[in-house]
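To keep things clear, I will list the structure first and then write my remarks on it.
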Amino acid sequence: MTSRIQGLYAITDPALTPDALLLPAAEAALHGGARLLQYRDKTATADQRRRRASQLRALCHQYDASFIVNDDPALAADVQADGVHIGQSDAEIALARQLLGPDRIIGVTCHSDLALARKAIAAGADYVAFGRFFASHTKPLAPPAEVSTLQSACQAFHVPVVAIGGVNADNAPQLIEAGAAAVAVIHALFGHSDPAEIEAAARQLSALF
């Protein structure tokens, strides 16, 4: 299961990929080599989110990529997603595992906190995410993380470590060199409105692994 956490990890953003663009943009990223796709949308209605998540899951499986739902274990279970990405509390991890079962992926945000990551792994997280490492369009006020922290995490933990936050083709190599199993990318992919440009950006990032 954790072997699937590797390579380019694309994350959607409703501000960049509104409804009409969501599927073409996601498919462009997958066609360009994204190995994971996370559906992140806190603004749509429950019905809209269920429909979009179901469509994205089917699309991901066409490309043998893993489909992850952001911050909604119930939705992930409902659409039979490959996993969910959640916050840091033990209760959230326990609920996600209860809803999804033993074979689905649970990822946890840890910012730059090694102790938090250790606690999440002990609670059952399958991967931990650190960041932001660079200036982020999506979360400009997120606390910064150091590449040295990423390196320490990769050396200390037996689960994959994902790097996020302002990642692009120019700065991703230093994160991969530090040991990141995957780099999570939003704006450097979906900041492009043309699917051909999204695919090209995905290919450039995927080629780094």
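Placed from the backbone N, Cα and C atoms, the Cβ positions cover glycine too.
Per TrEMBL, the feature 4-amino-2-methyl-5-(diphosphooxymethyl)pyrimidine binding site maps to Gln38, Tyr39, Arg40, Asp41, Lys42, Asn70, Thr109, Lys139. Marked as Mg(2+) binding site by TrEMBL: Asp71, Asp90. Residues or ranges marked as domain 'Thiamine phosphate synthase/TenI' in TrEMBL: 8-189.
The binding-site residues examined here are Asp41, Asp71; by Cβ neighbour count within 10 Å, the least packed of them is Asp71. Its own atom aside, the Cβ of Thr109 (4-amino-2-methyl-5-(diphosphooxymethyl)pyrimidine binding site) has 22 Cβ atoms within 10 angstroms in the protein chains shown.
Counted over every protein chain shown, other Cβ atoms within 10 Å are most numerous around Arg40 among the binding-site residues Arg40, Lys42. Proximity of Asn70 (4-amino-2-methyl-5-(diphosphooxymethyl)pyrimidine binding site) to non-local residues of its own chain (separation of 6 or more, Cβ distance below 8 Å) is seen for Ile11, Gln38, Tyr39, Arg40, Asp41, Lys42, Val84, His85, given in sequence order.
Across the domain 'Thiamine phosphate synthase/TenI' (8-189), the prediction's mean pLDDT works out to 95. Reported as a whole number, the C-alpha separation between Asp71 (Mg(2+) binding site) and Thr109 (4-amino-2-methyl-5-(diphosphooxymethyl)pyrimidine binding site) equals 10 Å. Annotation note: Gln38 (4-amino-2-methyl-5-(diphosphooxymethyl)pyrimidine binding site) sits in a strand segment as assigned by DSSP.
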